[in-house]
Amino acid sequence: MNIEQQIKTLRNQLSEHNYNYYVLDNPTISDFEFDQKLKQLQELEKAHPEFYDANSPTLRVGGEITKNFETIPHTFRMYSLENSYSKEDLEDWEKRIEKMVDGVVEFTCELKYDGASISLTYEDGKLKRAVTRGDGFQGDDVTANVKTIRSVPLQLRGDYPPLFDIRGEIILPFEGFVKMNAERVELGEEPYRNPRNTASGSLKLQDSAEVAKRPLECLLYNIQGDRVPIKTQFESLQKAREWGFKVPEAAKLAKNLDEVLEFVNYWDVHRHELPYETDGVVVKVNSLQQQEELGYTAKSPRWAMAYKFKAEQVSTVLNQITYQVGRTGAITPVANLEAVELAGTIVKRASLHNADQIEKLDIREGDTVFVEKGGEIIPKIIGVDFTQRDPNSSPTQYITECPECNTPLVRAEGEAQHYCPNTAGCPPQIIGRIQHFISRKAMDIEGLGGETVALLVNNGLINNYADLYLLKEEQIIPLERMAQKSAENIINGVEASKQIPFERVLFGLGIRYVGETVAKKLANHYKTIDALKNATQEELITVDEIGERIAQSVVSFFASDETIAIIERLKMYGVQLEISAEKLANQTDTLKGNTFVVSGVFTKVSRNELKKLIEDNGGKVSSSISTKTNYVVAGDNMGPSKKTKAESLGVAIISEDDFLQMI
Ligand code: AMP
Ligand code: ZN
């Protein structure tokens with residue numbers, strides 16, 4: 001056998017043993033033998049770098065260092081799940097979906113694994129990339145770290161499609177977690193609080209060799225691809241298993257809602273026997289055809305529902321209510337609690353939302369309160385234990401002045417939140433606005449973190465985001481914790497931000513209610529900041545999806561002379577305040593005023609490309625057919641109920657070719 005064959009054989013053997021051990025839980029050789037083979041391969045690879053393979057089993061031990069995790073857009077968006085908490089919630093959901101689809105609806109029930117979600121891309125059977133969920137549209141490339149997780153196959157087996165994404169959850173089973181903590185305590189280090197945070201923290205470690213030491217696992221639950229020959233969710237789980245992925249056997253096919261409830265009730269009790277954490281069950285419409293008919297809301301699929309087991313609750317003493325000022329001037333009351341352990345974390349603070357909430361629950365300092373942790377990160381107070389109340393306590397007086405700048409607070413009619421109106425002079429607002437401007441989804445200024453912004457503001461170097469562009473290295477170097485290198489990074493990061501496209505700059509300006517999507521809409525519609533600045537409220541409302549509230553906010557943003565001056569400065573410094581010529585060239589108005597629904601599978605372009613083509617040419621994409629729909633672009637396997645609906649509403653059904661002709 002020549003060297004190359006020898007290396008290949010070892011790689012294949014090790015992959016196989018790895019699969020037996022970590023996926024099937026059924027090792028066929030001893031750990032010692034395994035280590036021997038691994039060592040042998042490592043030596044051969046070292047001596048013969050010409051046979052390098054990015055997916056060799058030797059990479060499982062890590063070693064690659066990632067300094068900055070690259071941001072990667074997801075080909076298929078990673079959605080959230082809608083939550084339900086009772087049998088009735090599930091019944092309502094079933095009723096809703098039965099109205100929207102044809103035929104009998106069956107469900108796949110799965111456990112909801114509590115870890116960090118991950119999207120894996122496989123090309124020709126090889127792991128190409130692993131990306132965190134991020135904001136659902138884009139995440140961080142953590143491939144080097146994920147390769148060290150033994151249950152993630154580097155090379156697939158069987159009859160897999162040439163290109164697809166598979167989603168799953170990276171978890172840390174209790175046993176490994178406990179062991180890791182024992183080792184930490186041994187070394188005099190602080191133990192980790194809970195498996196979930198430890199799992200997601202592990203993915204962002206820079207040294208993959210460190211990740212390799214952590215007993216992480218990856219459990220898979222969803223396949224995404226344009227040409228994947230699968231018809232049901234349950235089948236996709238089976239296929240994923242065949243291709244070498246770890247898919248828990250608990251998943252079950254339920255013929256009706258009663259069987260779903262059986263599954264839920266069973267696991268509500270037996271979840272404590274699982275080797276890893278679960279916070280609920282995920283119920284999915286089994287037929288992918290029906291899933292496609294149901295589509296998505298802005299945040300989550302209509303065809304899936306998470307059922308959350310009852311959250312843990314504790315009671316503790318509320319020591320003090322303090323108030324935070326956000327970047328928009330919004331005041332948030334915060335409950336400072338006597339530290340208490342809740343669902344694996346120590347809780348010291350809880351959100352109180354607003355004045356109404358405090359009044360409604362009659363929450364007072366010194367009260368014993370009930371704290372609950374649902375899916376959200378910040379726990380909330382759900383009530384007061386009145387039996388424990390001090391008879392001398394008096395109702396909470398909400399503050400009337402800003403705790404940071406003493407300006408009297410205002411509260412607009414119909415709004416729950418109090419605001420500090422001192423936009424230009426209130427420190428947390430000044431800092432918050434700049435922090436928002438530099439954030440990843442906006443100007444993404446590397447080298448400049450939130451704390452550094454506060455440092456720069458507090459030292460009088462900057463007072464608004466335009467000032468960033470005048471910063472000089474020699475001003476930064478003398479500051480606390482700063483040095484030549486960090487100062488240079490800031491200056492370079494600021495310089496690079498001049499290339500950030502207009503839509504993200506617009507988002508970064510921090511206009512109230514103008515989030516990423518709205519900023520994109522406005523940028524594409526108005527094309528330049530000057531056109532947007534001159535738009536009246538009446539005009540703004542005519543723009544698709546821009547309502548009264550947003551229009552009003554945009555107008556009042558540009559009504560300030562100070563704002564205009566800052567924007568003029570940004571323009572002068574070379575920040576992109578117009579849509580780029582290149583982008584403009586790819587856009588047309590051909591489809592203006594037309595709303596499209598896309599259904600089925602296409603041959604010339606993918607569904608995503610099709611949607612992009614519609615938007616780039618001025619059309620609008622909607623997920624369900626209504627009287628507002630102008631065209632349904634139908635591919636193969638278009639849902640029959642969509643077809644009937646389109647016909648009954650008299651909506652034109654066109655083919656992929658018809659559509660491509662249109663543009
Ligand atoms: P949430 O973030 O609470 O909206 O819940 C959605 C998340 O649940 C997804 O992003 C997944 O990471 C996670 N999840 C865990 N188990 C499953 C499962 N079996 N099916 C779908 N999602 C799951
Ligand atoms: Zn203030």
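Each Cβ is built from the backbone N, Cα and C atoms, and glycine gets one as well.
What TrEMBL records for the NAD(+) site is Asp31, Phe32, Glu33, Phe34, Asp35, Ser80, Leu81, Arg133, Glu169, Lys284, Lys308, and among Glu4, Glu110, Glu259, Glu262 the residue it adds there is Glu110. The annotation in TrEMBL ties Cys402, Cys405, Cys426 to Zn(2+), and of the candidates under consideration, Cys218, Cys420, the one tied to the same site is Cys420. Shown are the binding-site residues Glu33, Asp35; the one with the most C-beta atoms within 10 angstroms of its own C-beta is Glu33. In terms of DSSP secondary structure, the domain 'BRCT' (586-663) contains 27 helix, 18 strand, 33 coil.
Mean model confidence of the domain 'BRCT' (586-663) amounts to 85 (pLDDT, 0 to 100 scale). Put simply, Leu81 is the one of the binding-site residues Glu33, Asp35, Leu81, Arg133, Cys426 whose Cα lies nearest to the Cα of Lys112 (active site, N6-AMP-lysine intermediate). By the criterion of other Cβ atoms within 10 Å of the residue's own Cβ, the least surrounded of the binding-site residues Leu81, Cys405 is Cys405. Proximity of the recorded positions (Asp31, Asp35, Leu81, Lys112, Cys402, Cys405) to ligand 1: a Cβ under 6 Å from the molecule is found for Leu81, Lys112.
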